[in-house]
Each structure stands twice: as C-alpha cells, then as structure tokens.
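Novice: Okay, these came from TrEMBL:
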type	residues	note
DOMAIN	73-370	domain 'Protein kinase'
BINDING	Lys104	ATP binding site
Amino acid sequence: MENNKESLPTSQEFSNEFIKFLTSTETNKYSPNPLPSPSPELNVNHLKLEKEKYLEKFERCNGFEFCRDVNQYQPLVMIGKGSYGEVFKARDQNDPNVIVAIKKMITLREEEGFPVTSLREVRILKQLNHDNVIKLIEVCHTKACKENKYRSTFFLVFEFCEHDLAGLIANKEIKFELADIKQFMKQLFDGLFYIHLNKILHRDLKSSNILVTKTGIVKIADFGLSRAFSIPTIDKPNNYTNGVVTLWYRPPELLLGERNYGPAIDMWGAGCIMAEFFTRFPVMQGSSEKSQLMLISSLCGSITPEVWPNVVNLDVYKKIILPKHNARKVQTYFIHHIPSSLGCDLIDNLLMLDPEKRYDADTALNHDFFWKDPMPSDLSKVMSQIKNNCHEYIIFQKRKFQNNQQIAKRAKPIGVINNDASTSGFHDFIY
C-alpha cells in the first residue's frame, strides 16, 4: 500500500467505506499484501521479527486511513459499562462545544479482530435515520503500535444524550406526570415502528438502552444484539438465536426456546418499560430463566395451549413443568400504580403471552391511551428542570459511593468532625 496523503472523508461519509473495509475480500485495496508462508528453515524469532516489520509498515502506511484516531476526543466521564464494552462522555478536541458518547468495543479474543456484533451494529445504524434512533457519527481507533501488539482498539462515536430512562426512573426526585409518560412511550413506539418497518429487530430493549436528550427526545440505542429479519413462511421459518434480550425484559417465547420470532419480542420489552414508569422499578426481576418464567406466569397467567396454541411446539415447554391455574392479573395489579385504565389496558396488550396476540408498534400508537386527555406533553419543560445527567451507571456508582461513605462515617470514633462535602445531585463523576 502506498502512503498516499489523500484527504480524509468527513465523519458523515467515512462509515460506508469502513464497512466496505470490514467486509471486503479485496485485501490489496485495503491492506498490505498478506504475509508469505513461512519456510521451514525460518526460526520462531525470525518470524516474529518479520511480523513486526510487516505491521510497522502497515501502520506507517496508515492502514485505516478512512478511520480517524480516537485521540481527537477527550474522555470526560464513564456513563456505561457492560459485556459490550465501555461508554464515555467525551469532548471533541477540535471543537470544545461538541460533546459525544464513545463506545469502546471489547474483543474477548485477540484473533477475532473487529467484533462481529459491533460490525452488525455499525451496518444497521448506517441504514437507519430517525429522530428516535441513536445516530452513529463515526468509528475511530487507537493507533496500532508495538506496545499494543499492533492491534487497534475500535470505538463507535454517537451523538450524546444526557439521560437514559433507567437513570430517570431511578431518580425519585424526578416526578413525571401521566402526559409526560405518554410522550415518552409515544416516541418509543415511533422508533420501534420505524426499525420494524425497516425489518430490524432490536433484541435488547430495556430502560437503560432508551436514551433521552435534555430537550426530551427519546433515542433507541445499543443495537449490539440487533439483526435484520424476514417474514417467516411455513416452508422457510426463521432460525434465530433465542439467547437475546436482558432477562428481566425477555419475552416468554424466547425463554421457552422459540427461534422463529419477530418484532413481538421487542414489544414485550416496551410493555415492561412502560410498566416501569409507574412502578419505578423493573416489574419482573427473575434470577434465572426458570424463575423469570414463574414470575411471568404469576403476573400474566398460566402458560397453556388454551391461551397460546403454538406453545406446545416449543422445546422448553415440553420439558418444563409450569403452573397450570394462575389467573391473569396484569390489569388488577397495575390499576394500583397507574392512574389510567387505558394505560393498564395498553400494558395488558403488550404483555400478551402469545406473541401473535401482542400489540405491534402501529397498534400501540393508535391505542386510546394516546388519544384521550391528558394528551402527550411537550417534554422540554420537565426535562429543563433536570440539571444533572441521569444515566443508570452514574446513579449506581453514586449510590455505591454514598453507601461506602455511610459505612466510613459509622466507623469514625466519636468526636470526629464531619467535613465531607455535599454529594447531593446527579453530577458527572469519573471512577
């Protein structure tokens, strides 16, 4: 590869080229010639030296010339962490007014290179363009060098959102009116309608993956488990993995082994999120797949062929013993939490055991819940009163910090003056 000093694409243009690189078999276009097969007489040390020279040459040629260096961004605070990687709030070094969210991708095994789940996430997000879907700005990487064994770490750069729903709901100082909740859910269903219309399944819908800007715009985020789907037929059913969706938001069909599924799995998660607005905590918090099924059965009624005819075809259903006489209690349970019978009815239809009876996004948007007073509010007013970022991770870390402080205070001898600074409010912290 020649070290051409071509102008770099803009951050809006580069991702298609990067995707092409990640999926291309035309190695001569995007990378140096492959290493020659080693001759038997070459010893291990010589091979190692040759490999280092080869990789150094690749780096000098700027191997990812359409992918910018992540050092252009200054990390400010970690706002999320999980098996997918770490997410940081960051500032653009070239324009301090630009704030972004950077997702560091974790590669569990070195030989895997660019994670396939992240590749899928990039490809899907570049297809989508909607106000209620998070926007991918660009992909960055660290400079490959001898210290990191010439393996770049990749980062996805997103538009920054000040809050996520899990953080907002967990903050008891924030009070949402019924009209506010209607607006949150309307935007969530708008986003789901759009991604399902584009034949995409999210497959990890939960409150911490629903972001909210300071002006009240809802953004569906974290497409790391998402995938394209097709309409199944009798001759050609879908055969997707059922090990998706965080346990507390996982629908019964996945727990029972269904692989031929569609958008209904996301709608179950939407129902759980809507219920969470009113209870202020996740409704069904199972510790295992079996306990999650038991909780679902307790709230939504017994899982039987009478209410769900096709359940008899699911592998796990044939092997597990489930309660047979549980009554459905969705509406009677939530009527104590929700000041709206229409809201109870909508949740009831989102938490249907049979996925074929579960509301889709379009039906949910046309439910009377959104068309009777109070009408969905303008969220900009209530969001303007929230002065600190509310992310689930930050709030969890803050509570952990406060608990540790309380333990330390109890351990102090009598007479010690407490000079601790106030920790009220949900400010950004770096841990």
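Glycine too: its Cβ is placed from the backbone N, Cα and C atoms.
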Novice: Give me the long-range Cβ neighbours of the residue listed as 'ATP binding site': same chain, 6+ apart, Cβ under 8 Å, in sequence order.
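Specialist: Spatial neighbours, sequence-distant, of the residue listed as 'ATP binding site': Gly85, Glu86, Val87, Phe88, Thr153, Phe155.
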Novice: Over the domain 'Protein kinase' (73-370), what is the model's mean pLDDT?
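Specialist: On average, pLDDT over the domain 'Protein kinase' (73-370) sits at 93.
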Novice: Helix, strand or coil for Lys104 (ATP binding site)? Use DSSP.
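Specialist: It is in a strand.
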